[in-house]
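Engineer: Please read through the structure below; I'll follow up with questions.
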Amino acid sequence: MNRKGNLSMTTQLQHLTLPEDIQQKLLSYKEQPISPEFQSLIGTSGYEAEDEAILFDAIIALAMGKNVLLKGPTGSGKTKLAETLSSYFHKPMHSVNCSVDLDAEALVGYKTIENQSGQATIEFVSGPVTKAMKEGHFLYIDEINMAKPETLPILNGVLDYRKMMTNPFTGEVIRAKSGFGVIAAINEGYVGTVPLNEALKNRFVIIDVPYIKGELLKQVLMSQSALKDEKLIDRFITLSSDLIVQANNGQVSEEAASIRALIDTCDLAAYIPPRRAIERGIVEKLDDDREKAAVRNIAETLFE
């Protein structure tokens, strides 16, 4: 790593005023060489929160070898936080997107037939869990509570003090390389989710990730969206605030209040009328006609 990168990293860490030993641990990760094939898996920073403790505590937990579970509503920035952590630790992050169809092969890997010099051989292709463990990288499990409960026990040994797993397809015992860490995310109350069983939940340090609001949201929209009209952005911030209230009251689903959807909408509003942008970026993502009407009503009061 060059001197400029080292100075940049040091500045980031001083901004958070992390304990000296934690800073040194992060700087040591920064010095470790990363194989070119994994360089693109290192996340980019950019997560913002009103409460600095969210990022601070996540860094401390990961640096101490803890597994971190990010809990929060849809679009509150959990994935962006995970990418920011990957950036701070300068670690590639292998991702698993959970669904009811998730199986052991999607986690661990699968066998395939390869043709070498005219001979058919069976090879094992590593999955994200296997790669992250062997390389000492981060593993990100998104929407972990979307997976079927019977799929997840394969991770129990990976997530406890042993940090090991027996590959069910090859019999290989895999012990995680130093530096391996797990970040998972859940959307509570989301359709299709199931409660995490206590044995799995107890393997994590849990960090709540709420929606961002007000001036901080304005900074995010100004920096991360194509829209630069401050007056228009202020109206979108009011829209977001109203939608968060309605989502908390159960009048609209969390998708309507998603910060990710709001950024998409602001991007569109840089080129098309705001209400049409809201239709494309927020309203049409909703399934319930009453929710669509509620969002449209708010939009009509804020935008001509």
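Using N, Cα and C of the backbone, Cβ positions are placed for all residues, glycine too.
Checked Swiss-Prot, it gives:
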BINDING   G72, P73, T74, G75, S76, G77, K78, T79  ATP binding site
Engineer: Can you tell me the three-state DSSP label for G72 (ATP binding site)?
Structural biologist: coil
Engineer: Give the three-state DSSP assignment (helix, strand or coil) for G77 (ATP binding site).
Structural biologist: coil
Engineer: Per 10 Å Cβ neighbour count, which of the binding-site residues G72, G77 ranks highest?
Structural biologist: G77
Engineer: Do any residues at least six apart in sequence from G75 (ATP binding site), in the same chain, have a Cβ closer than 8 Å to its Cβ, and if so which, in order?
Structural biologist: Y211, E254, E255, A257, S258, I259, R260, A261, L262
Engineer: Can you give me the residues near the recorded ATP site, meaning same chain, not G72, P73, T74, G75, S76, G77, K78, T79 themselves, Cβ no more than 8 Å from the center of the site's Cβ atoms?
Structural biologist: L70, A185, N187, V209, Y211, S258, I259, R260
Engineer: Quick one: give me the count of other CB atoms within 10 A of the CB of S76 (ATP binding site).
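Structural biologist: So the Cβ neighbour count for S76 (ATP binding site) comes to 25.
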Engineer: Test of understanding: give the count of other CB atoms lying within 10 angstroms of the CB of T79 (ATP binding site).
Structural biologist: 21
Engineer: List nothing but the one residue from T74, K78 whose Cβ has the fewest other Cβ atoms within 10 Å; the candidates are the binding-site residues.
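Structural biologist: Selected from the binding-site residues T74, K78 on minimum Cβ neighbours within 10 Å: T74.
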Engineer: How many other Cβ atoms are found within 10 Å of the Cβ atom of P73 (ATP binding site), counting all protein chains shown?
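Structural biologist: A 10 Å sphere around the Cβ of P73 (ATP binding site) contains 23 other Cβ atoms.
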